[in-house]
């Protein structure tokens with residue numbers, strides 16, 4: 001089956017991406033190796049030159065007609081590949097004449113100049129213009145959201161020019177590599193897609209701005225974790241099998257690499273023993289109490305392992321691994337090229353200290369291995385602090401599991417296998433540790449008695465601290481042990497008399513022990529909460545470190561936004577030079593404008609229609625980026641407009657002005673603000689906010705006037721905007737252009753005008769939307785019907801007006817407010833009757849119709 005054009009473009013784009021990744025890697029290689037192995041590079045360079053000459057002009061022409069994400073990316077990639085290939089070729093030629101590695105790298109990496117900054121000029125009118133500086137992908141995305149907000153007041157020519165500049169800046173920022181450079185994006189700055197994702201999940205009582213703070217964006221630069229964390233030494237050894245026989249010392253380096261990570265730690269090896277013991281029990285076997293405790297402790301130990309990830313690598317192992325890989329590479333290079341490799345990584349290591357090397361990483365180690373090492377070192381530094389030594393629960397958990405295993409293995413003297421009192425005590429201790437409450441009720445009076453006597457033998461210290469006087473009922477006067485003998489005898493007697501009372505209370509509850517148990521439980525709870533917060537903080541920082549160190553690809557968001565905006569501007573400008581579009585301003589004058597206005601100015605819209613009309617106002621005020629109203633499960637237009645305003649950073653009071661404008665009013669005198677032939681003419685505006693409000697009022701007048709026109713004349717005109725495509729089923733089309741802001745599709749023709757009411761008069765001058773002449777029976781032909789057959793509807797200007805043989809709405813005595821008269825087909829003369837009152841005053845009728 002033959003591929004279509006889109007599939008062929010995808011194949012070309014895939015091959016270009018493959019070559020782009022290879023070319024990007026060549027920039028960091030040793031130039032001596034490149035000169036020795038330059039044949040594949042020259043062959044690929046010739047292919048790129050051919051593709052650039054053959055495909056690039058066609059892709060550019062396609063994007064100036066109708067763009068897509070694929071064609072925009074291919075245009076950007078082909079030009080970048082052509083430039084970088086020529087640059088690398090020139091750098092290699094210069095290096096061959098004068099070997100200087102530093103100069104070579106400065107040339108191919110463009111370190112001597114910075115072209116990653118651009119200033120965009122936006123001009124709305126002669127008096128309103130702005131300059132915006134852009135430097136990162138986040139700046140471009142935010143600027144595109146602002147362009148979407150002002151889409152209706154920006155000329156299509158200016159919009160296309162700005163989009164071309166943004167595409168050029170994207171090419172300079174991204175280059176040929178799909179991997180985004182760290183200096184071209186800000187990971188802590190959110191985008192429009194982050195905003196939309198947060199709007200569809202529960203907010204838990206937090207505002208959207210607070211939820212956006214601290215969020216890592218994964219759309220501008222998409223995080224792609226490396227799939228292979230450990231280097232397969234066996235695969236490397238198999239690839240170097242031929243060289244191993246010719247280079248004697250390679251075998252020793254490979255064996256050292258294999259043995260470096262092969263030794264597994266025996267730390268907490270009894271966890272496997274516990275799991276082996278648990279395999280002997282299932283649903284239909286008798287399960288002892290200690291097995292329940294062992295199962296619970298094993299579960300919590302696994303949960304702890306998920307929270308605190310142990311990494312089986314140290315920084316010393318990573319350094320040794322890096323040195324061994326470097327020795328392996330240099331050994332192969334000396335055998336093939338006669339010298340060690342001195343690429344940009346070797347030159348850069350000399351300028352970095354230890355911590356900087358760790359964050360930069362190693363060319364031989366996967367990024368996630370570095371991330372795991374940093375996380376492990378962070379947790380270890382936290383646990384080594386003496387203040388937090390006891391907060392780490394994992395060692396305590398493993399110790400409990402070990403003790404239970406020892407009790408299971410150790411036979412008791414009664415031969416019960418640990419089911420005696422000692423085993424029960426272990427079970428109780430395990431349940432107490434699992435519950436964490438520490439609340440204990442005394443069930444034996446001996447323990448309470450011994451506790452009470454121990455308190456009394458301490459010289460009455462417990463009573464002196466607040467409880468003694470209440471116990472003896474006033475018999476204790478608070479004296480110390482150095483009082484008189486009589487006083488001592490009285491006190492001993494009182495204590496003996498109150499002994500039964502204190503003992504009875506102690507049987508009920510032991511206050512001292514309860515306080516100690518609750519104190520320990522509280523400290524344990526504080527430790528758990530504090531440790532959990534620290535671990536969550538470390539995990540958050542781990543995600544940030546992963547975003548910084550791991551691979552991040554350039555996301556498609558910016559190109560997608562540019563494509564949508566370009567298509568919108570292209571649709572707005574495609575009918576500018578069309579000769580088939582008829583300008584109604586050449587046919588009608590101010591009289592026709594006044595005719596329609598006077599027929600609408602005294603009417604009013606139904607109040608119940610305002611909410612639906614407000615949604616249409618939001619639709620026409622919005623740009624092409626946020627169009628969730630067309631989704632499978634569509635959102636309302638006010639939600640799309642809210643997305644556009646929030647992502648553009650519109651101030652709250654400006655949003656309130658937009659809402660008040662969209663709410664509308666039922667009286668035409670309050671919304672008819674546009675002058676004759678002045679629709680979408682904002683040349684008098686001196687400020688962007690005023691310009692935006694004027695645009696909203698023009699859109700409101702369009703929507704409400706067309707709705708009132710349909711209500712008054714019984715029509716069904718619909719409105720669309722040139723935002724994505726020209727709707728063939730819509731009648732009135734808003735183009736947002738100053739020269740011809742409105743189009744009317746009617747009876748197979750396309751009309752344009754700068755005045756809304758002239759277009760409505762053009763539509764009104766036909767009997768109905770389909771263009772069929774009414775077929776009501778006529779008694780006998782007259783001059784009017786003959787003229788109507790020739791001219792379509794109206795008489796010639798020099799002919800006198802003759803009354804219609806059919807009764808009009810005024811002659812029938814029917815009020816203009818009665819809607820039933822508007823639904824029946826009208827003759828030509830009934831249009832004139834709408835402009836006359838019952839007294840026959842004809843001042844509102846245009847002169848050409850009298």
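Glycine is no exception: its Cβ is also placed from the backbone N, Cα and C atoms.
The shown structure was predicted, so the numbers you read here are calculated from the model rather than taken from an experiment.
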Residues flagged as zinc finger in Swiss-Prot, choosing from 133-161, 162-190, 191-219: 191-219
Segment assigned the feature region 'Disordered' in Swiss-Prot (from 386-437, 438-489, 490-541, 542-593): 438-489
From 804-809, 810-815, 822-827, the residue range that Swiss-Prot assigns the feature motif 'Nuclear localization signal': 822-827
Binding-site residues compared (709, 713) - the one with the fewest other Cβ atoms within 10 Å: 713
Segment confidence, the motif 'Nuclear localization signal' (822-827), expressed as mean pLDDT: 42
Sparsest-packed of the listed binding-site residues (711, 714, 716) - C-beta count within 10 angstroms: 716
Most Cβ neighbours inside 10 Å, all chains, among the binding-site residues 710, 712: 712
The zinc finger (191-219), counted residue by residue under DSSP: helix, strand, coil: 13 helix, 0 strand, 16 coil
